[in-house]
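**Q** Have a look at this one.
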There are 2 protein chains.
Amino acid sequence: MGMAPVAHVLFNKFMTFNPKNPDWLNRDRFVLSNGHGCMLQYALLHLFGYGVSLDDLKNFRQIDSITPGHPEAHDTPGVEVTTGPLGQGFANAVGLAIAQQHTAAVFNKPGFELVNNHIYMFFGDGCAMEGIASEAASTAGHLQLGNLIAVYDDNHISIDGDTKCAFTEDVTKRFESYGWHVQWVKDGDNDLEGIEAAIKAAKEVKDKPSMIRLTTTIGFGSKLQGTGGVHGNPLKSDDIQQVKQKFGFDPEKTFVVPQEVTDLYHKHAADGAAAEQEWNKLFESYGKEHGDLHKDLTRRLKGDLPEGWQDKLPTYKPGDAAIASRKLSESVLEAIYEAVPELLSGSADLTGSNNTRWKKAVDFQPPNLGIGDWSGRYLRYGVREHAMAGIMNGLSAYGTIIPAGGTFLNFVSYAAGSVRLSSLSHQRVIYIATHDSIGLGEDGPTHQPIETLAHFRALPNMMVWRPADGNETSAAYYMALTSKSTPSILALTRQNLPQLEGSTIERAIKGGYVALEDKDAKITLVSTGSEVSLCLEAVKVLKEQGIPARVASLPCVEVFDAQDKEYKLSVIPDGIASMSVEVMSTLGWEKYSHEQFGLNRFGASGPYKEVYKKFEFTPEGIAKRAAATVEFYKDVKPLRSPLNRAFQQLI
Amino acid sequence: MGMAPVAHVLFNKFMTFNPKNPDWLNRDRFVLSNGHGCMLQYALLHLFGYGVSLDDLKNFRQIDSITPGHPEAHDTPGVEVTTGPLGQGFANAVGLAIAQQHTAAVFNKPGFELVNNHIYMFFGDGCAMEGIASEAASTAGHLQLGNLIAVYDDNHISIDGDTKCAFTEDVTKRFESYGWHVQWVKDGDNDLEGIEAAIKAAKEVKDKPSMIRLTTTIGFGSKLQGTGGVHGNPLKSDDIQQVKQKFGFDPEKTFVVPQEVTDLYHKHAADGAAAEQEWNKLFESYGKEHGDLHKDLTRRLKGDLPEGWQDKLPTYKPGDAAIASRKLSESVLEAIYEAVPELLSGSADLTGSNNTRWKKAVDFQPPNLGIGDWSGRYLRYGVREHAMAGIMNGLSAYGTIIPAGGTFLNFVSYAAGSVRLSSLSHQRVIYIATHDSIGLGEDGPTHQPIETLAHFRALPNMMVWRPADGNETSAAYYMALTSKSTPSILALTRQNLPQLEGSTIERAIKGGYVALEDKDAKITLVSTGSEVSLCLEAVKVLKEQGIPARVASLPCVEVFDAQDKEYKLSVIPDGIASMSVEVMSTLGWEKYSHEQFGLNRFGASGPYKEVYKKFEFTPEGIAKRAAATVEFYKDVKPLRSPLNRAFQQLI
């Protein structure tokens, strides 16, 4: 209720959009970072004629409705990004603003200002306190994103009551320190003219993001206005009645929209539809002068990749040199960046370690810094993992970009809040997560992930790839880029990996395949990444002991899960024992193996080969446990593959 | 190398510590938040005579050394907290400063200033960019922590090179906006007097934390000084030689400390030992005047709890009312807060939802705000989950406090970076994680954890508790408080839970027990939290179908894992099938059951009972899958308990 006045002004006086086509590229974007106030957003969508009916509003927070408790992008027409977890929308908006700036730089041509929309975002005290918003705000200031206008709902109330109990910083000064343009509207409840003037002034500032501090009264009009009692709680019925009376509505009626309101909002929607018509004409004539760009943009908006791009993916033969998978990833980027122009790479200050930058990459930077330009396809995120992930969600949501961003696998955990939303909101985002295990060596336990892959394998709609060699790395990129609504984490090594005998892109894109077959095998070793080649060595040790063994490489269990049962049972068959081998938590590997060899403790600082040896991740250490597994299961009848289950999981 | 001058001044001119007793309570604390520079810290520890030898320095980053790649508190005498993951040390230092302020308020008495130490912290550009440091800095400014002095290594270099590429904000102004006192020493390489004056001035500011911006040259003295080439990379040998020559050392010698340096540092160490002697005398006479406080502080420093505290833990009988476990947790806090004075609770702005505050709690606040005082035992962390966790690690590391902090389970993920370090650095920290599942209902998928428990169960040295009723909740607190070097996450419901027939504190502290026995059972239902009572209902449905069943409650798998095998097999026995039931990711449950019923997709927004029904988490839905499980396993011989394994895991 506190943000209703500014929302009314913003949507009707400044924003251009067509409710009949929520996907129109050049629409202004609106992000509600304080997503718990989503009833305001749903009500606006309804008033403007988006596909949100009065019944949908009545079904607020009900099962299978399109009006869930927090805004979800893929559920509700007109909701741009999924918000609610505080601070996320802030970072998403920064991503949308970068995407807008970049898309304009690439596609706008003299006489054809195809892309000139703005990104508007509301945030509250909760968002302002979250680290991700601080990171994103600092980034936006550095990048001089003049197309981003944020309205800060300065209502002095959070769930614990007055913000005075925990949040007494000078928010204005903080945003100025980031390089933002800041204005203050002191009576956000009533001063509609002041609000309008502030947004107008913000639009005129081209070289800085803008923050409008709007002092409002939470639950404005309610008997409880200005208290924590209206934060997320519904009003009591007598209070609702008096509010309605105060603002001139019939207190007895609910879910009624006065005709003059409907007329006003529908008029604005019609103006937006006309604006899109104009734009469509402009785009058509653009096509005559700039045919290739027209084709490229049209393709990007469909989410399709350029024809034949996959032919650029590097392939490897068994004789080829051993290479770290972070370097193999770099080779993929180097090979495909020209073919896939929507790919925008970057790193959270680990460019040289993550190998995320192709040689000829131009940085995305404000041109006046002299170190890049707006058309640049490489983002320097700084040491800001959480904002990087939130920004990537926004980049993806804009519709013209596929973002890839690097950090150490261990520090993808810093970004967990946003990674979760990549999955939930179906964003095609690629996390390039190098230094994926104790194999990073000397940096030690503070940097060696143990729990991280278990975490993200438990996250629905996330592909976790841990490629074992060059072909598997190419396969990981193939799947990451072609899966339009699923994000990916590519867990990559620091240390060199040999090219495997049995690997091909075609096999690896199934998520799992037989890397070494033996029809007489008594055990299947199921492994990923750097341990697959160790397992192949272990097979030799086992052979000497008279135990024939086979190896299954499972670079991505989620993709493997999606194969048909017959195929899966050909990889991990009935009748013989199986053991997983991965140098991290064994949690979850019971699903693919009878026994598990992993690391359910923290690692150690030292040269990586010694660390592997300390924990017995050697051919001998693997063989010893494999032999024990064969022995243990020899009397079990029938010995089913762990993939054989009593019932189907709900998905 | 850039921070050596300030370290020399700080340690020798300002800090008081006794290297022979790194645990002395009133020592000044030093935190190296930019932990990748730990060789500086190890060298200082060696020079002052801590238990770090020249051989230890030579074994830097070698296997099983006490000088790992980043500082680890429990490995190296004199290292206060585990740092390296950027921003963590910053938050830890804020926690140490809070702990100091609180401990002083509780124990200092006229004539007995027992606790008056300072917290010094170094941080770099990387830390400054991390959201957790922003959150912690805002918190410290709000709390007016005058005992905290931070030195910002303003060297303009991060791994990607010049910070100009991503970090151009005005850091001075930002810290001022948080309410910090800020000074700038422009020549941190040479201006030792300026450094000394700045630290002196900072100590005089009693009502604000201090930040000294120290402009330094990274790799000062090296040929590569001032470039990214010296960030984390060793110098080449010719460069090392010229550096040594430049600073007056013999370029041919390595690991040699000139006698005058040794003398100077040992003299300071001896002064510190004498200061501790003085303090010990003071503490002894304190004991004569303030016997109870003396006893209390002595006990706290040993990590022991007061005798008989556990008798205060609430117990419940089957007839008692159904209560949400977040409320049961509140009852525990209410019952024990007087008996356990070192317990310091708090919440990340969800006090009323997390139920973390006992009724008579006083807030920890600067007295001049009029809403609490320094002796207060309730912390308002604001919406800053990551900083809350990092601060709690610092609170715990101080030695006189057991911190407990609340947020929704879903948002413990925002704090994952710090939660990991709670485990790695053996801190007794309690995460009160309410709204633990789809059972939170209307807030919807953005707030409903699916992957979170799998994540933290995969984290070594973490107890994840998901209690099913009142007795289990008391048991969770018993274990969380008595486990001196293991943190805990208590996953608690929003919805009411009935008191179980079979539960007692004694049984539950084993981590798993038989909640319902049946000697003829054909299946064990293995469950946690809110699903245990559903399983008990499912047993009735199964009985009608002629399938006798039993129920095992596993509130904490990590504690259950630590029981002897005979006991564990009495809970999940050989010979019958088993199925886990938990409304979240099934990942990991294969370890404790043959089949798993869970939720490997995101949840839904709606009233919680409807959400449970949608996903078939009903007695009927459970019974259906249990029956399928019995059928599937009836022909397997021998049917071993999933706890029977071929070999032991490394731990």
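Quick reminder: no glycine exception, Cβ is built from N, Cα and C everywhere.
TrEMBL annotations: computationally assigned, not manually curated.
Sharing the record's features from TrEMBL:
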type: BINDING; residues: B:His36, B:Gly84, B:Pro85, B:Leu86, B:Gly126, B:Asn155, B:His231, B:Phe411; note: thiamine diphosphate binding site
type: SITE; residues: B:His231; note: site 'Important for catalytic activity'
type: BINDING; residues: B:His231, B:Arg326, B:Ser353, B:His435, B:Asp443, B:His447, B:Arg494; note: substrate binding site
type: DOMAIN; residues: B:323-499; note: domain 'Transketolase-like pyrimidine-binding'
type: ACT_SITE; residues: B:Glu385; note: active site, proton donor
**Q** What's the CA-CA gap between B:His447 (substrate binding site) and B:His36 (thiamine diphosphate binding site) in angstrom, rounded?
**A** 35
**Q** Give the sequence-ordered list of residues that share a chain with B:Asn155 (thiamine diphosphate binding site), lie 6 or more positions from it, and have CB atoms under 8 Å from its CB.
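**A** Residues satisfying the criterion: B:Gly2, B:Gly124, B:Asp125, B:Thr215, B:Thr216, B:Thr217, B:Ile218, B:Gly226.
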**Q** Long-range same-chain neighbours of B:Ser353 (substrate binding site), Cβ under 8 Å, sequence gap at least 6?
**A** B:Arg326, B:Phe408, B:Thr434, B:His435, B:Arg494
**Q** According to DSSP, does B:Glu385 (active site, proton donor) fall in a helix, a strand, or coil?
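**A** Going by the DSSP assignment, B:Glu385 (active site, proton donor) falls within a helical segment, counted as helix.
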**Q** Can you filter B:Gly84, B:Leu86, B:His231, B:Arg326, B:Ser353, B:His435 (the binding-site residues) down to those whose Cβ is less than 8 Å from some Cβ in chain A?
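**A** Only B:Gly84, B:Leu86, B:Ser353 pass the 8 Å Cβ test.
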**Q** Can you tell me the mean pLDDT for the domain 'Transketolase-like pyrimidine-binding' (B:323-499)?
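**A** Its mean pLDDT is 98.
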**Q** Around B:Leu86 (thiamine diphosphate binding site), which residues of its chain at least 6 apart sit with Cβ under 8 Å of its Cβ?
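**A** The list for B:Leu86 (thiamine diphosphate binding site) reads B:Ser33, B:Asn34, B:Gly124, B:Gly126, B:Cys127, B:Met129, B:Glu130, B:Ala133, given in order along the sequence.
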**Q** Where the record says B:His36, B:Gly84, B:Pro85, B:Leu86, B:Gly126, B:Asn155, B:His231, B:Phe411 bind thiamine diphosphate, what is the longest distance in Å from one Cα to another among those residues?
**A** 34
**Q** Ranked by the number of other Cβ atoms within 10 Å of their own Cβ, which of the binding-site residues B:His36, B:Arg326, B:His435, B:Arg494 ranks first?
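**A** Going through B:His36, B:Arg326, B:His435, B:Arg494 one by one, the largest Cβ count within 10 Å is at B:His435.
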**Q** How many Å lie between the Cα of B:Pro85 (thiamine diphosphate binding site) and the Cα of B:Glu385 (active site, proton donor)?
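**A** One finds 16 Å between the Cα atoms of these residues.
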**Q** Let me check the 10 A CB neighbour count of B:His231 (thiamine diphosphate binding site). How many other CB atoms are there?
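**A** Result for B:His231 (thiamine diphosphate binding site): 21 other Cβ atoms within 10 Å.
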**Q** State the Cα to Cα distance, in Å, between B:His231 (thiamine diphosphate binding site) and B:Glu385 (active site, proton donor), rounded to an integer.
**A** 30
**Q** For B:Glu385 (active site, proton donor), which residues of its chain lie six or more apart in sequence with Cβ-Cβ distance below 8 Å?
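**A** The list for B:Glu385 (active site, proton donor) reads B:Ala348, B:Thr407, B:Phe411, B:Val412, B:Tyr414, B:Ala415, given in order along the sequence.
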**Q** Please list residues from the chain of B:Asp443 (substrate binding site) whose Cβ is under 8 angstroms from its Cβ, counting only those at least six apart in sequence.
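**A** Those within reach of B:Asp443 (substrate binding site), by Cβ under 8 Å and sequence separation of 6 or more, are B:His435, B:Ser605.
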**Q** Can you count the other CB atoms that lie within 10 A of the CB of B:Pro85 (thiamine diphosphate binding site)?
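**A** So the Cβ neighbour count for B:Pro85 (thiamine diphosphate binding site) comes to 27.
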**Q** May I ask you to report the DSSP-based helix, strand or coil state of B:Gly126 (thiamine diphosphate binding site)?
**A** helix
